[in-house]
Amino acid sequence: MRASRPAVHPVEAPPPAPPPPAQAQGQDQEQADGDVVTQPRGVRMKDPPGAPGTPAGLGLRLAQAFFAAAALAVMAATNDFPSVSAFSYLVAAAILQCLWSLSLAIVDIYALLVKRSLRNARAVCIFTIGDGITGTLTLGAACSSAGITVLIGNDLNICAENHCASFETATAMAFISWFALAPSCILNFWSMASR
């Protein structure tokens, strides 16, 4: 026996009504039935302070470059830093940190001048990876230089023959450069992970 089967056809939802003026400006508004209308899709939040393309982000990049350049200048002012591999590593890491921070500072200046957000997924990924690499190298160089400085100053007591004050200053500047880099790296990683 053949029974007829009802045919089911999908029904499309009606197009949404145009948003009221308050919602078009990005504000939530109560509807008549008590539901809250959320912001339309595609509206982004403001960039958090310290993110790429913000004035605070530019300040962090300039601080990173300044302290890395100071570590480089103080270490290069001594004539015996190439004899210790940790100090040569600090100089190489400081050079890389200066180049990275200055190039991203230029990108931040451009983004601020043209009022453009740097929340592009590919750009944030590149910023995060670059910050992670330069941060790891800078922290490793600062820690190894601190270890050698403590060895020279406290354990061997040969500061009279070496430039211990210069080594300590360069190491401190490298640590400060890393401390300025850490918020940028964390904000970029958070922005990349929240996509």
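Using N, Cα and C of the backbone, Cβ positions are placed for all residues, glycine too.
Here is what TrEMBL says about this protein:
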type	residues	note
REGION	1-51	region 'Disordered'
COMPBIAS	12-22	compositional bias 'Pro residues'
COMPBIAS	23-37	compositional bias 'Low complexity'
DOMAIN	52-180	domain 'Casparian strip membrane protein'
TRANSMEM	58-77	transmembrane segment
TRANSMEM	89-113	transmembrane segment
TRANSMEM	125-152	transmembrane segment
TRANSMEM	172-190	transmembrane segment
For the transmembrane segment (58-77), find every same-chain residue at least 6 residues outside the stretch whose CB is under 8 Å from a CB in it, and list them.
50, 87, 90-91, 94-95, 97-98, 101-102, 104-105, 108-109, 112, 138, 166-167, 169-171, 173-174, 176-177, 180-181, 183-184
Within-chain partners of the transmembrane segment (125-152) [C-beta distance under 8 Å, separation at least 6 from its ends]:
52, 68, 84, 86-87, 89-90, 92-94, 96-97, 100-101, 104, 118, 158-159, 162, 164, 167-168, 170-171, 174-175, 177-178, 181-182, 184-185, 188-189, 191-192
Summarise the domain 'Casparian strip membrane protein' (52-180) as counts of helix, strand and coil residues per DSSP.
106 helix, 0 strand, 23 coil
